[in-house]
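Enquirer: This is the feature table in Swiss-Prot:
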- 1-21: signal peptide (SIGNAL)
- 22-257: topological domain 'Extracellular' (TOPO_DOM)
- 34-178: domain 'FZ' (DOMAIN)
- 126: N-linked glycosylation site (CARBOHYD)
- 168: N-linked glycosylation site (CARBOHYD)
- 215: N-linked glycosylation site (CARBOHYD)
- 243: N-linked glycosylation site (CARBOHYD)
- 254: N-linked glycosylation site (CARBOHYD)
- 258-278: transmembrane segment (TRANSMEM)
- 279-287: topological domain 'Cytoplasmic' (TOPO_DOM)
- 288-308: transmembrane segment (TRANSMEM)
- 309-335: topological domain 'Extracellular' (TOPO_DOM)
- 336-356: transmembrane segment (TRANSMEM)
- 357-368: topological domain 'Cytoplasmic' (TOPO_DOM)
- 369-389: transmembrane segment (TRANSMEM)
- 390-410: topological domain 'Extracellular' (TOPO_DOM)
- 411-431: transmembrane segment (TRANSMEM)
- 432-454: topological domain 'Cytoplasmic' (TOPO_DOM)
- 455-475: transmembrane segment (TRANSMEM)
- 476-513: topological domain 'Extracellular' (TOPO_DOM)
- 514-534: transmembrane segment (TRANSMEM)
- 535-634: topological domain 'Cytoplasmic' (TOPO_DOM)
- 572-592: compositional bias 'Low complexity' (COMPBIAS)
- 609-622: compositional bias 'Low complexity' (COMPBIAS)
């Protein structure tokens, strides 16, 4: 019985010994010997400088460097992987802790310290062996940043031994311990505590290309100077922001260049025609001239931008958008653009009100109030924006303008939204009145309605375009959080993509909507010219202008002189013809004057609404009833 009891005790001891041996073996890793590996110094990259436990001896795989030199391929190929890891940590600052220590651990893991055996250990051989990071270091890294567990498994004893790693060196003459040579693991915490104090080594941020690393605490790189920081990092978005492909952006820029240039010339034509050549100034002509001036200012800002160079103007430095605080030209073009877009909105509203008042035949306040009000609003808002230095280029925008959300809403969209509403209500009233009028107009008199449709089409088109811009802006603002989430996806793409410039884009408004936004703004000048610059009024203004009259006079004198010298005969016929021609011009002028309002002011204003145009076969009576907006005197 006693012998049996002793047997059980001995058996239990054997089991405990085996368990302890197994536990002891679990504290070690087993490595593979690579005869081609050597111990070399660190190549000196800033990424792991002062973060390595032994920068003088790094486990390195040599390449085929010529001239007897050592090509440290393993270090060179490891650094991009380490950089990706540092970039991931940079964007984990709001989630992870102890990031500085994690960087130390990552450097020691990827660029392992190296131990070289002596001839005493391996006679005739110099074997280089890596010194792996201790398991405790790995566990501390995961405690600081649990999301690293996706990529790091601390249970792999080959990479993270608790005590050390065994290497079988029997082949190289090592006989002790059964030929198993043990290399102790490296405790990164010792190096971390030393270098953190002595070398003042802090957390190193790294930004994936094309993001740029700037110091947000440095006034030179402050956000108000045009840098867009991806908090909580010091990485800034590139400029211009990559919402769309290069091909798409080139199409928008090329369209804008072509249409802005054409619209600028055509807008100037309308300014000269309706602002200078037409001598009888009416409310209607003034509205056209001031809208044309507004559109000219818009396109002038474009021409300046493209003359300087759109990217140089809007992105004067890598990662920085132009701001009024730093770039005076941005403030200048922003002011021009603001004047232009504001005038277009306000005079579009005014023209709608003028149209409706003419159709309904009610008296408006003195037109000078519209002039003073519209121009005062434009100047006052410009002064506010310029004094607050709110003009700047925007990521994804093609011009300098105000970008502060509250300024944009309070100074532009709310008042101009009200103006648009008044214009739309006026247009709705005009539509209804034209519908009533058109029912009472015969087919042969339909030119009366068609003539009145021209200003109507302009105001409708401009108002619809401005409403589209209004909707586009607030739709984009309402999706701000969605676009912000898109930046996170963009960063993730940058961290994982091999070709980020061609594969990674931020999220912005739909490209077709974005293209239409800029197309409509740059189409105003062409639209104005198509409706008014080609009209009979414009043609007559140029025909009767001083320059054309002078040219005609010279041609006429030359013709008469030539005839006199050639024939020497009776010139009475010529004189008679000339007199008749002049008489015809006078008659035409009288007729034109009659059609543009002399008759209207005396007779039409007394007519009730339902008799503005009647279905009468008498053409003279119809002419008296025509709605000619050019007769609305200021």
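Just so you know, glycine gets a Cβ as well, placed from its N, Cα and C.
In the displayed structure, how are the listed features positioned relative to their neighbours?
Expert: Residues of the domain 'FZ' (34-178) grouped by DSSP class, helix first, strand second and coil last, total 51 helix, 21 strand, 73 coil.
The Cβ of residue 126 (N-linked glycosylation site) lies under 8 Å from the Cβ of 116, 117, 118, 119, each of these being in the same chain and 6 or more residues away along the sequence.
Long-range Cβ proximity for residue 168 (N-linked glycosylation site), meaning a same-chain Cβ under 8 A and a gap of 6 or more residues, is found for 30, 33, 179, 180, 181.
Neighbours of residue 215 (N-linked glycosylation site), defined as other CB atoms within 10 A of its CB across all chains, total 11.
For the recorded site, residue 243 (N-linked glycosylation site), the DSSP three-state label reads coil. A 10 Å cutoff on Cβ-Cβ distances gives residue 243 (N-linked glycosylation site) a total of 19 other Cβ atoms nearby, all chains included.
Neighbours of residue 254 (N-linked glycosylation site), defined as other CB atoms within 10 A of its CB across all chains, total 10.
Tertiary proximity for the transmembrane segment (258-278) is limited to same-chain residues at least six positions away from its ends with a CB under 8 Å from its CB atoms, namely 285-286, 288-289, 292-293, 295-296, 298-300, 302-303, 306, 519, 522-526, 528-529, 532-533, 537-538, 541-542, 545.
Sequence-remote contacts of a segment are chain residues at least 6 beyond its ends whose Cβ falls under 8 Å from one of its Cβ atoms, and for the transmembrane segment (288-308) they are 256-257, 260-261, 263-264, 267-268, 270-271, 274-275, 314, 329, 332-334, 336-337, 339-344, 347-348, 351, 374, 398-400, 462, 521-522, 524-525, 528, 532.
Helix, strand and coil content of the topological domain 'Extracellular' (309-335), in residues and according to DSSP, is 13 helix, 3 strand, 11 coil.
Using a Cβ-Cβ cut-off under 8 Å and counting only residues 6 or more beyond its ends in the same chain, the transmembrane segment (336-356) has close neighbours at 283-284, 287-288, 290-291, 293-301, 304, 364, 370, 374, 377-378, 381-382, 385, 391, 399-402, 412, 416, 419-420, 422-424, 426-427, 429-430, 433, 455-456, 458-459, 462-463, 466, 521, 524, 629, 632.
Distant neighbours of the topological domain 'Extracellular' (390-410): 226, 228, 237, 239-241, 243, 252-253, 256, 301-302, 305, 310, 313-315, 321-324, 330-331, 333-335, 337-338, 473, 477, 508, 514, 518; these residues of the same chain sit at least 6 beyond its ends, with a Cβ under 8 Å from one of its Cβ atoms.
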Enquirer: For the topological domain 'Cytoplasmic' (279-287), what's the model's average pLDDT?
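Expert: The answer is 83, the mean pLDDT of the model over that range.
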Enquirer: Cβ under 8 Å to the topological domain 'Extracellular' (476-513), counting only same-chain residues 6 or more beyond its ends: which ones?
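Expert: Tertiary neighbours of the topological domain 'Extracellular' (476-513) are 84, 87-88, 91, 208-211, 230, 237, 241-245, 248, 396, 405.
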Enquirer: What is the separation, in Å, between the Cα atoms of residue 243 (N-linked glycosylation site) and residue 254 (N-linked glycosylation site)?
Expert: 17
Enquirer: Expressed to the nearest Å, what is the distance separating residue 215 (N-linked glycosylation site) and residue 254 (N-linked glycosylation site) at their Cα atoms?
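Expert: Here the two Cα atoms lie 35 Å apart.
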Enquirer: Quickly jot the same-chain residues contacting the transmembrane segment (514-534) by Cβ under 8 Å, restricted to those at least six beyond its ends, or write none.
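Expert: Same-chain residues near the transmembrane segment (514-534) but 6 or more away: 243-244, 251-252, 255-256, 259-260, 262-267, 269-270, 273-274, 288, 291-292, 295-296, 298-299, 302, 341, 344, 396, 398, 454-455, 457-458, 461-462, 465, 468-469, 472, 508.
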Enquirer: Please report, as numbers and ranges, the same-chain residues at least 6 past the borders of the topological domain 'Extracellular' (309-335) whose CB is under 8 Å from any CB of it.
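Expert: Contacts of the topological domain 'Extracellular' (309-335) (Cβ under 8 Å, skipping residues fewer than 6 from its ends): 211-212, 214, 224-228, 236-240, 253, 301, 382, 385-386, 389-395, 397-402.
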